[in-house]
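Following: one structure in structure tokens, then a few remarks.
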Amino acid sequence: MISQLRTLWIVLKHTFSRADTVQYPEQRPKLYPRYRGRIVLTRDPDGEERCVACNLCAAVCPVDCIALQKTEDVDGRWYPEFFRINFSRCILCGLCEEACPTYAIQLTPDFELCEYDRRNLVYEKEHLLIQGTGKYPGYSFYRVAGKAIAGKDKGQAENEAPPIDVHSLLP
């Protein structure tokens, strides 16, 4: 008898409670500030692509969904010849964003990645590259790291410290 009354109480309590279901197309779900969604490639403040094709993102990816090939520009700047992410394999873990030294890879709160054909989930560089700078608007990797200047060794450019000889520091 007690179990039947308890069951009736639970049914009545849940009958008049508010449902947790969100009617998705009409109501947007609440996304938290650190939500990790679709991956994008950003540009630096000069409008150039930030990615220097260092391959750290592909090396750290646990499911191996990132592929890229490095090439060099005429002024010595590295950039990816192709950059490909297979979103059918991506688990949106964010390790690629953490590993990127240039802040080129950033995760956005966009979560609508469904397609009818799985081949459409392979995004090329043209699909990933956005026009803005993303989360870090003033950062430019080449202003921080510099570029090699033809005819000058390390430490000979303007406002550049000479390289440290680590062998002289050894005991």
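Heads up, the Cβ atoms here are built off N, Cα and C, so glycines get one too.
When the candidates CYS100, CYS114 are compared with the [4Fe-4S] cluster 1 site entry in Swiss-Prot, which names CYS51, CYS54, CYS57, the shared residue is CYS100. Long-range neighbours of the domain '4Fe-4S ferredoxin-type 1' (41-71) within the same chain, counting only residues 6 or more positions beyond its ends whose Cβ lies under 8 Å from a Cβ of the stretch, are 77-87, 89-91, 93, 95-96, 98-106, 125, 128-134, 136-142. If one looks beyond the domain '4Fe-4S ferredoxin-type 2' (81-110) by at least 6 residues along the same chain, the residues whose Cβ comes under 8 Å of a Cβ in the stretch are 31, 35-42, 44, 49-54, 56-71, 118, 121-125, 128, 134-136, 139, 141. All protein chains included, CYS57 ([4Fe-4S] cluster 1 binding site) registers 24 other Cβ atoms within 10 Å of its own Cβ.
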